[in-house]
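Step one of this worksheet: look at the structure below.
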Amino acid sequence: MSASLYHYHLPLLLFGSLCDIPLTRVKIMRKTCSEKNMLNNFLKKHAYRLYQTSSPGSNIATHSLRNFQDMIYVGNITIGTPPQGFQVVFDTGSSDLWVPSIFCTSPNFSSHVMFRHNESSTYRHTNKTFSIKYCSGRMKGFVGRDTVRIGDLVSTDQPFGLSVEQSGFEGLPFDGVLGLNYPNLSVTGGIPIFDNLKNHGVISEPVFAFYLSKSKPEGSVVMFGGVDKSYYQGVLNWVPLIQVGDWSVHMDRISMEGQIVACSGGCEALVDTGASSILGPRGLVDKILRLLGAKPQGSEHYVSCSAVNTLPSIDFTINGINYPVPAQAYTIKDSSGICYINFEGDPDSRSTETWILGDVFLRQYFSVYDRGNDRIGLAQAV
C-alpha cells in the first residue's frame, strides 16, 4: 500500500506479519497548528454541514471536503443505524476504512469520535484483527461490518476497521481514514467501499475525482461516478498506471528553470490525496532545497517570505506534459510568519526512485481516478 497522508503523513506502516508495505503516513502538525485551542477555534469558526449533491442528469455524486489550513482535507461520513458521524481523510494512498472504537483504551482518544457498535442495529462483528506499526506510534484493532454512508451513497454490510489502541494522532482534525486505492492493497482484507459502491451499481461509472481548494476551508470536493467539468480548465490529460493495483504513474523528470533536478531517468510517482506535501528521496529533496536556498530549522526548511515571489516554479513532467508548481504553491506560511518549503525527504531507501505527489501538487491540478480504464486524469484546476 502506498505512502499517504504526508505532512500529516503516517510514518511507514508495517501491518501485522506482512512484508513492509507503506500505507498511510501522518505527521503531527507543526506545534503552532496542533495546539488544542487553535484546533478548537478553527473548527468553531469554520463549522459547516457537509452535503452531497448530484448534478442534474449526470449521476455524479459530489461530496464536500473541508480544507484544514492547506494541510489536510476531511469529509464527513456516517456508519451504523442510526447513523454515527465521523470526519475522515479520503485517501488515494490506502484501501481501508477505519475509525476509532469505543473499546479504545488510549487516553488521547478523547479528541476523536468513537464508533459505538452496541448502538447500531446493523452492526456485525467479525473475528478478524489487524495491527499497524508506525515509526512514531502504532494502532491495532478489529474488523466490523455495518452500513456506511457518504452523503446519499450507501454501502451496506461494509467491512471497516475499528481501532482499539493507537498513538500518533494527537491534535489531528480527523477521526479516521477512508481509503480509495485498489482492493489488493487492503490491510483488513475487506472489499473497499468504492469497490462495493461500484459492484452494486450505486455509482454509474467506476470513476472518482478530487478538487482541492487553496487557502480556504470551503470549496473542496470529492466526486463519485463521473467528472464535473466546472472544476478544471482545458482538457484532461490521461496517464496510464504503471501497473494495475496502485495509483502510481511514470514520471519523466523534475526540473527547475529548464534544468533537470531529479527523476533524470524517469521514476515512479504516486498521486496521493492523503499526503499534504511532496515526498521524494532524501538526497534529491535536499538537492532541491539547496537550489532554492532553503535553510534548515529542525526537520523543516524555510526561506524568507519576501523571497517567495522570486523562487522558480518546479516542473513535474508526466507522460510528456509539464505540470508546473509555482513557489506560492510549494511554500507554506505558518502562524509565526515563517515560510516553509513543503517538500519532504523520505529516509527509506528503495530500489527505484519514487515520489509522492500530495496536496501541494493536487491543489494545482484537478485529478480523476478511473478504475474502469486503470488511469489517472490531470487538468489545470480552476
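Each Cβ is built from the backbone N, Cα and C atoms, and glycine gets one as well.
As recorded in TrEMBL:
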- Asp91: active site (ACT_SITE)
- Asp272: active site (ACT_SITE)
- Cys263-Cys267: disulfide bond (DISULFID)
- Cys305-Cys339: disulfide bond (DISULFID)
- 73-379: domain 'Peptidase A1' (DOMAIN)
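In this structure the C-alpha atoms belonging to Cys305 (disulfide bond) and Cys267 (disulfide bond) are separated by 31 Å. Looking only at the recorded positions Asp91, Cys263, Cys339, the one with its C-alpha closest to Asp272 (active site) is Asp91. The local packing around Cys263 (disulfide bond), expressed as other Cβ atoms within 10 Å of its Cβ over all shown chains, amounts to 24.
Geometry remark: Asp91 (active site) versus Cys267 (disulfide bond), CA distance 22 Å. The CA atom of Cys339 (disulfide bond) is located 29 Å away from the CA atom of Cys267 (disulfide bond). Counted within 10 Å of its Cβ, the other Cβ atoms near Cys305 (disulfide bond) come to 13, all protein chains included. Cβ neighbour count for Asp272 (active site) (all protein chains, 10 Å cutoff from its Cβ): 33. Counting only same-chain residues at least 6 apart in sequence, those with a Cβ under 8 Å from the Cβ of Cys267 (disulfide bond) are His250, Met251, Thr352, Glu353, Thr354, Trp355. Across the residues of the domain 'Peptidase A1' (73-379), the predicted structure has a mean pLDDT of 93. Ranking the recorded positions Asp91, Cys339 by how many other Cβ atoms lie within 10 angstroms of each Cβ puts Cys339 at the bottom.
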